[in-house]
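These notes concern the structure reproduced below.
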Amino acid sequence: MQFSICLTIVFLLQLASGVLGFIFSDQARAQVSEILTNAIVHYRDDLDLQNLIDFGQKEFKCCGGISYRDWSQNMYFNCTTENPSKEACSVPYSCCLPIAEETVINTMCGHRMQSLDYLQAGTHIHTNGCIDKLVNWIHSNLFLLGGIALGLAIPQLVGILLSQVLINQIKDPTSPW
C-alpha cells in the first residue's frame with residue numbers, strides 16, 4: 001500500500017510541477033535568467049560549468065543570457081579599465097560565428113568584442129542571448145516535450161495501477177480455481 005501511495009505522490013508532484021511551469025512561465029524565465037547570469041559569473045571557476053555553457057552557446061548559436069554584453073559580469077571578461085585580464089572586454093570562443101574551412105578552433109576569436117557595437121560584433125560573434133533562443137526552442141519543440149511527458153506518465157500510471165492490483169490480490173488470497 002505504501003509503495004502505491006509513494007508512486008502516486010511522485011506522479012502528482014511531477015504533474016504539478018509541469019502545470020506550474022506552464023502557469024508561471026514568466027517567473028520560470030526570470031529564474032532561468034538568474035541561473036544563467038550566475039553561471040556566467042562563475043564561468044572560469046568550474047570546468048564542467050564552462051563546458052556546459054560553451055556547449056549551449058554553440059548549440060543554440062547564442063552568446064550570454066540576454067546579449068553578448070552579459071559577459072561583462074564575469075571578472076575575466078568584464079570591460080573596465082581596472083581589469084588586467086587578457087580577456088577583458090572579450091567573450092568566450094563559443095560565441096564566435098563558425099568558419100567553415102577552419103580546422104583549428106580560434107579560442108581568441110571573441111577578443112575585445114564587447115567594445116564593439118552590436119552590428120560590428122555581429123559580423124564575428126552571435127550577439128543574441130541564449131534565453132530567447134532557449135524559449136524559442138521550447139516553443140518549437142512543445143509537442144515533442146509533451147509526448148515525452150506523456151510517455152513518462154503512462155508507465156507511471158500503469159505502475160500505480162498494477163501495484164494496486166497486487167495489493168488487492170495479496171489481501172484476498174482466495175484461489176480462482
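Cβ coordinates come from backbone N, Cα and C, glycine included.
For the signal peptide (1-21), the list of distant contacts is 28, 149, 152-153, 156-157, 159-160, 163-164, 167: same-chain residues at least six beyond its ends, Cβ to Cβ under 8 Å. Taken from TrEMBL, the feature signal peptide covers 1-21.
Counted within 10 Å of its Cβ, the other Cβ atoms near Cys79 (disulfide bond) come to 15, all protein chains included. Summarising the annotation, TrEMBL assigns disulfide bond to Cys63-Cys79.
Residues annotated as transmembrane segment in TrEMBL: 142-167.
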